[in-house]
2 protein chains.
Amino acid sequence: MALKKKPVTGMKDILPKEMEIRNYVTGLIRETYGSFGFTSIETPSVEHIENLCSKQGGDNEKLIFKILKRGEKLKLDQAKEEADLVDSGLRYDLTVPLSRYYSNNANELPGPFKALQMGYVWRADRPQRGRFRQFMQCDIDILGEPTYMAEIELVLATTTLLGKLDFHNFTIRINDRRILKAMAEYSGFPKESFDTVFIILDKMDKIGLEGVAKELEEEGFAKESIDTYLAMFKEISSDIQGVRYCKEKLSGVLDEQIAADLETIISTVEAVKTADFKMAFDPTLVRGMSYYTGPIFEISMDEFGGSVGGGGRYDEMIGKFTGNNTSACGFSIGFERIVMLLLERGYQIPTAKTKKAYLIEKNMPADKLIEIFRQAEEERKTGIQVNISIMKKNKKFQKDQMAAEGYTEFVEFFKR
Amino acid sequence: MALKKKPVTGMKDILPKEMEIRNYVTGLIRETYGSFGFTSIETPSVEHIENLCSKQGGDNEKLIFKILKRGEKLKLDQAKEEADLVDSGLRYDLTVPLSRYYSNNANELPGPFKALQMGYVWRADRPQRGRFRQFMQCDIDILGEPTYMAEIELVLATTTLLGKLDFHNFTIRINDRRILKAMAEYSGFPKESFDTVFIILDKMDKIGLEGVAKELEEEGFAKESIDTYLAMFKEISSDIQGVRYCKEKLSGVLDEQIAADLETIISTVEAVKTADFKMAFDPTLVRGMSYYTGPIFEISMDEFGGSVGGGGRYDEMIGKFTGNNTSACGFSIGFERIVMLLLERGYQIPTAKTKKAYLIEKNMPADKLIEIFRQAEEERKTGIQVNISIMKKNKKFQKDQMAAEGYTEFVEFFKR
């Protein structure tokens, strides 16, 4: 019986050329984030089904690849529903596992703990171009740091990395979930409708101010609330002045320290940054996940036409595991999108080594073969990649094929 | 509801100290194997259930983590057996996926193709100390190279890597499945019983020659066969002389080129090797997997008291996917065992960077904070890892904790 050649639906085989870029990027990530004091950790790809379905994952919980119970635990004849059949699943993000990891290992970890995670996650999403059901996530998180020091470092580390990968002219949009709420409260929207308001507000960049107004009206919100709300967005500029406007305007419903901290984050990053980007205050930034509790951010890149990463503060998630809340703030970059952009650009890896091909005639005598291998060993020690192959009849084709793989030097060895 | 803190049964959270070694080893693997012309590739962690259950995986097929069908495809009420519920599973090795990958992408790959794979595999094994249900495999394979060039390069690349990790004095045991068969045939065992004979022979290092004799007798094999068989093992030395003995003795049942090639592999590796190890011909080496067709090898290390890797030629597996056989030869190192040995040794990473901690007083004024971040940026550019933290009340505890994490320099910043 012939076996299946294609990967499973929605997942992909990674070819050598892409793999070279992926390896370079992961190496650079480790080096760059390492220089900021982040340490690598890993959690298993498989997670308890209870943790995955704990309402921390939002819509991702609908997309879990679930794993069948094994052996005696699987009681097929007694199973009434899906939940009876599974005990675990593939993780859909790295945040839920990090929270479990931290609560499991806190005694052995420094405080604050700066974690770097790179690992695959799986989501049974509808397959579509450029989106896969298995993809790499790359997260940095600072746990146990309640002040804006966390936000500043996360933004600096992330943007330094993007700068090293030759990304320029991008924007870090920043907002605070508490400003988001204060604006809705100030406008008189009922508290229980905030999420509905934010889902509509989130479409601002697609449907514009008028579109947002229309959808809010359709939801039946008071005209006065809508007018008050949208008038503010017209006033708020995308710089520190915008934050100051919020601080004054919302003084009755917003702790002024929140706006002051946001100002510090923006001004400090602007003063220290080494990469070519700007910080923008964006009061329309929502970020989907309900677990965010403070500042939130997102990277916008014209080149990509969308977000290539984001994050925020989620001070209440770890408490779900430990019972005690632990400050937490994280930033995730869109690893797959970055790799895709680099591939499209024809990115050349700066650290690429010289690739040399030895083509040797078939049935080389033993003593000559030994000489060739020794010579290769010597060259490898100097950092050259030496690939030894038997010379083919169609030598030109063989060389062309290797040239396409990046081989620039060819040495031929004959029996005599 | 409190969530589960521990990882799922049999899998583990990886702490920063181990992660540092793992990252170092994976980097060294890429560099070393890269210098031999191996290129990294990856396949999805999830594989078609049909491919996983295709009898290529031997006993591992019993240990598959199976993934539940999703959406409409899952018909719980109609399911009569496990197979009705699943469409895929987590890969238990990298060899079956490599064969699928090669058959799927052969047109875009050079010939011969030298692949390096590092990736997790999953086996629902009985949990036991030091063995986990998720573990890293690290395989190199040469596809499309029918000659002993493949075996020589695989052994040289693997042993060069082990040498760079300060492993010494280990042994690469080598045999050939065709010699194994020829010895059984020469002794008069019936062909259909070869596998039974080999399973018993495989225990030689544990139960000795007499134990093997006893078990063969218990299986009811002819005394003459057993005597002829075991007499040969007494004669065969573990060097090239042993191979030559086989060549002569088995001349009626063994193509002499097979022994000659084995001789070339051993003598070439011995002449070229840079690491401190020896090649040993071991006619009792069996290697469990039935897919091997030619030379097979295994690394023995006294320090570990067992195998830390192995491989061999499997010229018939890829044909199961493509219909056309493709020469294939691979070598897998026991990544997890190597990491464990390095951890036990207290291995110091040679490329470790200086770790410097900045401890800053709380509520630092904005301008001073900016200065500190700028100073950190400058140091990071020189390759130093700079970790900025808020100074704690118990500064001594804080420093001790960071020292345990490898921080050797501390700089304190005060408001005035």
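Cβ coordinates are placed from backbone N, Cα and C, and glycine is handled just like the others.
From a predicted model like this one, the values you see are computed outputs, not experimental measurements.
The L-histidine site in TrEMBL is built from A:Asp93, A:Leu94, A:Thr95, A:Gln137, A:Asp141, A:Arg287, A:Tyr291, A:Tyr292 plus one of A:Arg70, A:Arg123, A:Arg244, namely A:Arg123.
Largest Cα to Cα distance within the recorded L-histidine binders A:Asp93, A:Leu94, A:Thr95, A:Arg123, A:Gln137, A:Asp141, A:Arg287, A:Tyr291, A:Tyr292: about 22 Å as a whole number. For the binding-site residues A:Thr95, A:Gln137, counting C-beta atoms within 10 A of each C-beta gives the highest total at A:Thr95. Every protein chain shown contributes to the tally, and the Cβ of A:Arg287 (L-histidine binding site) ends up with 20 other Cβ atoms within 10 Å. A 10 Å cutoff on Cβ-Cβ distances gives A:Tyr292 (L-histidine binding site) a total of 24 other Cβ atoms nearby, all chains included. Classification of A:Gln137 (L-histidine binding site) by DSSP places it within a strand.
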